[in-house]
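Trainee: Look at Swiss-Prot and you will find Asn71, Asn98, Asn144, Asn175, Asn266, Asn333, Asn394, Asn447, Asn516, Asn669, Asn675, Asn694 (among others) tagged as N-linked glycosylation site. Sequence annotations record features per position, and here Swiss-Prot assigns region 'V5' to 515-526. What Swiss-Prot records for 570-590 is region 'Fusion peptide'. Residues annotated as region 'MPER' in Swiss-Prot: 715-736. According to Swiss-Prot, the topological domain 'Cytoplasmic' annotation covers 759-821, on the basis of sequence analysis. The feature motif 'YXXV motif' is assigned by Swiss-Prot to 765-768, with similarity to another entry given as support.
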Amino acid sequence: MSTGNVYQELIRRYLVVVKKLYEGKYEVSRSFSYTMFSLLVGIIGKQYVTVFYGVPVWKEAKTHLICATDNSSLWVTTNCIPSLPDYDEVEIPDIKENFTGLIRENQIVYQAWHAMGSMLDTILKPCVKINPYCVKMQCQETENVSATTAKPITTPTTTSTVASSTEIYLDVDKNNTEEKVERNHVCRYNITGLCRDSKEEIVTNFRGDDVKCENNTCYMNHCNESVNTEDCQKGLLIRCILGCVPPGYVMLRYNEKLNNNKLCSNISAVQCTQHLVATVSSFFGFNGTMHKEGELIPIDDKYRGPEEFHQRKFVYKVPGKYGLKIECHRKGNRSVVSTPSATGLLFYHGLEPGKNLKKGMCTFKGRWGLALWSLAKELNKLNDSIKVNQTCKNFTSTGEENKQNTDKQKEFAKCIKTLKIDNYTTSGDRAAEMMMMTCQGEMFFCNVTRIMRAWNDPNEKKWYPYASCQIRQIVDDWMQVGRKIYLPPTSGFNNHIRCTHRVTEMYFEMQKIDSNETKMQIKFLPPSETSNQFVAYGAHYKLVKIMPIGIAPTDVKRHTLPEHHKEKRGAVILGILGLLSLAGSAMGSVSVALTVQSQSLVTGIVEQQKQLLKLIEQQSELLKLTIWGVKNLQTRLTSLENYIKDQALLSQWGCSWAQVCHTSVEWTNTSITPNWTSETWKEWETRTDYLQQNITEMLKQAYDREQRNTYELQKLGDLTSWASWFDFTWWVQYLKWGVFLVLGIIGLRILLALWNTISRFRQGYRPVFSQDCQQNLYRKRPDNGEEESNSLELGEHNSENLKEESLNRSLIEDLTSFARE
């Protein structure tokens, strides 16, 4: 039986055992099954690390977005590259992702806000950064009171749902009865003219809180506290900017309402955001996408519990069915002239200084009542302390009854007016308490106190839609510390300023009305938090970086593609976005199309590079002097660096330009193996993320060892190594080492012999004969006849021994003294 058949038979038996365990009384977990399967695979044979290039894996990233636009105005083209006619979008099925992170860490929101600030600085570019109005002025305060006036309205507006004969709605107060009292200062000051010793007196108007006066001697407020810059031109703010990712990156977009209680599944991969609204406003977001349903997006740095609900901030996406809009206008009742000064500045002032020339009017149209009621219902889902009557839609009547039945109108008004709004009656910075917006390049600051007061009164059955506005020239900088001085309103008696803004978002925070926190109200956010206008768009996006290199254990046999793999080429033709289309598929099915997939990935990155380079070359003359031009070039370099880094890493592992690369590194973690039939690459990467560092180091070491072995093998097989035997220099070198070895042995022998001799001499006197021989001599005594002859011989022998002994002693003494010395 072959290895493959044995493997299949063991798998079959394993599945039978697991099935019986599940059917029995014992409960077996899924992890136990995976562990048993892993042990089975380990018993069958070793597994080795295999490198895959082109897997659908990503991680959150931070990089510069590319500013793209299809607008042809100069101020946009100097900062952005032209956008493409269309951008691809690919759905990613069977993938869940978390989109409820911190808003301040969302790269789309953060970069869109800074990009828009750069754009607005370009639109409203100051001439020079000096304090043009920091001079002594003589001013007189006047009050221009617009008494109670009636403003005819030709088209009635409702605040209910879709107008029909069966729905009751709030009637609209057609009379503008708000008293508008604005303090106005008529100021005179001198500037040096263009001629020598000539001065010119300037007379202009300032809003009451823009100047600080003592005895009619005034200076512009905050003159010594911040930088004041004068604007030189006007511009129109329109929807024209896209935020696009550089090559190698993708934006994930969630296509449903955000939910903190579960992961998001309806996800698609895109290259660019939707059009960003290039406007600056407070309280409301204008001219954005028409939302199908309401959605609350928290913008707090951290989640707060119910006990701190009054401190939370939100962005509410207003459903488009309510048709909320704000119409603003200013009559063409003034002219503007400019006066040059010796410093090169142009001071703009009006020809009619005695009148309040900067007033405008805005009208709130649409079904505001039901819109605020729907907001209350969304807040009630988060906190039960927000009381909402869910039966307000049950109030119905005919059209004639709706006009006559005032009691039913009052009941309907009380029903929907459960959410209170801060009416800004407390003292404070009036600029922060007024609704700010741009209207044809002018800065409108509108007082909405009367509107909020009418809404907070449950007995008021009518909707009051009017807000008086002031066109301000001195405005706080919303991006940094400082104040900007804008041009006076557009000149010309017949030049009316008109604009209509669709309300698509509301920006507010929760406040407690009493100390017991039983009642709460909302407070719209001031202009200092203009970054909130991008939360409604950016919260549904996540910037990620493609990680195309994957590592997984496989069998020793090289993975081969089936014969029909060419049919899958069309499924991944979208390049880098097509790579993510298989993110929810199993690892095995992705590996089948991996060759074409990785080729498509490389092709997609290269194609993005070509498109980006072509667009940058078209705008090179305009982009080279701007900061955004540098950022756009930097994004291209970043994407190239990432691609080269991946290829260098594959080269270190010996997997250059290989889609599936088998290695000799053993997979030691037998308890962690992929489920090729049901597990995705994203899930596998999450499980083995902590092993990546060790595996990559082992791959590098294994490839280095393989390279050394290959080099040594090549050396053995090289014929030139055998020819070195006939080289004379080679023989001389080894002969020299042989001579040194022989001389060393001889010297060692001499030293050992000398040491033995010295050691013997240092042992001292030793008897010539042994004790046994002396005993035998005494034991065998000779006869008397022989005694004399033996004694003579013995005497001679003793004398010789004494001489020898004395000689030895003298020699030992000499050697001892020599050794001591």
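Here the Cβ of each residue, glycine as well, is placed from N, Cα and C on the backbone.
How about a rundown of where these features are and what they're close to?
Mentor: Counting Cβ atoms from all protein chains shown, Asn98 (N-linked glycosylation site) has 12 others lying within 10 Å of its own Cβ.
DSSP assigns Asn266 (N-linked glycosylation site) to coil, not to a helix or a strand.
Around the Cβ of Asn447 (N-linked glycosylation site), a 10 Å sphere holds 21 further Cβ atoms from the protein chains shown.
A coil conformation is recorded for Asn669 (N-linked glycosylation site) in the three-state DSSP classification, outside any helix or strand.
Around Asn694 (N-linked glycosylation site), taking its Cβ as the centre, 11 other Cβ atoms fall within 10 Å, counting all chains.
Residues belonging to the region 'MPER' (715-736) score a mean pLDDT of 69 in the model.
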Trainee: Taking the Cα atoms as reference points, how far is Asn669 (N-linked glycosylation site) from Asn694 (N-linked glycosylation site) in Å?
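Mentor: Between the alpha carbons of Asn669 (N-linked glycosylation site) and Asn694 (N-linked glycosylation site) there are 12 Å.
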Trainee: Express the distance between the Cα positions of Asn266 (N-linked glycosylation site) and Asn675 (N-linked glycosylation site) as a whole number of Å.
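Mentor: Checking the Cα atoms of Asn266 (N-linked glycosylation site) and Asn675 (N-linked glycosylation site) gives a distance of 24 Å.
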Trainee: Please name which of the glycosylation sites listed here, Asn447, Asn675, Asn694, is nearest in space to Asn98 (N-linked glycosylation site), Cα against Cα.
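Mentor: Minimum Cα distance from Asn98 (N-linked glycosylation site) across Asn447, Asn675, Asn694 lands on Asn675.
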Trainee: For Asn669 (N-linked glycosylation site), just count the other CB atoms lying within 10 A of its CB, please.
Mentor: 15
Trainee: Within 10 angstroms of the C-beta of Asn675 (N-linked glycosylation site), what count of other C-beta atoms is obtained when all protein chains are considered?
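Mentor: Its Cβ has 15 other Cβ atoms within 10 Å.
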Trainee: For Asn266 (N-linked glycosylation site), what is the tally of other C-beta atoms lying within 10 angstroms of its C-beta?
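Mentor: Counting Cβ neighbours of Asn266 (N-linked glycosylation site) within 10 Å gives 13.
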Trainee: What does DSSP say about Asn447 (N-linked glycosylation site): helix, strand or coil?
Mentor: strand
